[in-house]
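Q: Here's the feature list from TrEMBL:
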- THR11, ARG12, ASN13, ALA14, GLY15, LYS16, SER74, PHE157, GLY158, TYR159, ASP160, LYS180, HIS185, ARG186: substrate binding site (BINDING)
- ASP73: active site, proton acceptor (ACT_SITE)
- ASP73: Mg(2+) binding site (BINDING)
Amino acid sequence: MNHPTTLLIGTRNAGKAREFSEFLKETAWRISTLAEFPSLPLIAETGQTFAENAALKARRYALATGSWALADDSGLEVEALGGAPGILSARYAGEQASDEERIAKLLAELRDVGDHQRRARFVCAIAIAPPLGTAVYLFHGVCAGRIAHEARGSNGFGYDPIFIPDGYEQTFGELDQQIKRTISHRARAFRQASLFLRQIQRA
């Protein structure tokens, strides 16, 4: 029986691509990225939830390439902001805003919010679709914590420099990346996804 061998990671975010590849290195899949498909357009995230956006991207990339495809939608939910930025995390300060600009906007909105009201959580939804997009398999991960008063550390990407996970005093931007790859929302979702991918290869 021919087992599937190639998995397309549906992102052009270099930081995500590196992190995803690291999570999947113990599987037998050959990892490809959108860099190998420069003509593929980015897919608009029009869903109302992280899971809807991840599923939309995975299915469309699978259809476009004839390969198994994995996509995620991840974001930060801050209690004091009613769950914002949520699914708009990547566009919170505008479509072309940098990580620094998004962080600055969020910190400005929390300027007068005390320590006990800065609860937040990172959420990740991962979707995996087979060639032709005939189905979508979903996996979820959450990492709870709080928002720092200033950006700290240069590791990671996105909102990592202002997120302090429960049980730690350092931000994701300060923590050793091996620790982050163990406790993060993506790590928790990828543990489930990796198990599924290994099962597919053994089937």
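Keep in mind that glycine also has a Cβ here, set from the backbone N, Cα and C atoms.
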Q: If I restrict to non-local contacts, at least six residues apart, and a C-beta distance under 8 angstroms, what lies near SER74 (substrate binding site) in its own chain?
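A: Listed in sequence order: PHE50, SER89, PHE122, VAL123, CYS124, ALA125, HIS185, ARG186.
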Q: When you measure from the Cβ of GLY15 (substrate binding site), how many other Cβ atoms are you left with inside 10 Å?
A: 13
Q: Round to the nearest Å and give the CA-to-CA distance linking GLY15 (substrate binding site) with the residue listed as 'active site, proton acceptor'.
A: 14
Q: Within 10 Å of each Cβ, count the other Cβ atoms and name the one among the binding-site residues THR11, ASN13 with the highest count.
A: THR11
Q: Between the two most separated Cα atoms in THR11, ARG12, ASN13, ALA14, GLY15, LYS16, SER74, PHE157, GLY158, TYR159, ASP160, LYS180, HIS185, ARG186, the residues recorded as binding substrate, what distance in Å do you get?
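A: Pairwise Cα check on THR11, ARG12, ASN13, ALA14, GLY15, LYS16, SER74, PHE157, GLY158, TYR159, ASP160, LYS180, HIS185, ARG186 gives a maximum of 21 Å.
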Q: Compute the C-alpha separation of THR11 (substrate binding site) from the residue listed as 'active site, proton acceptor', stating it in Å without decimals.
A: 10
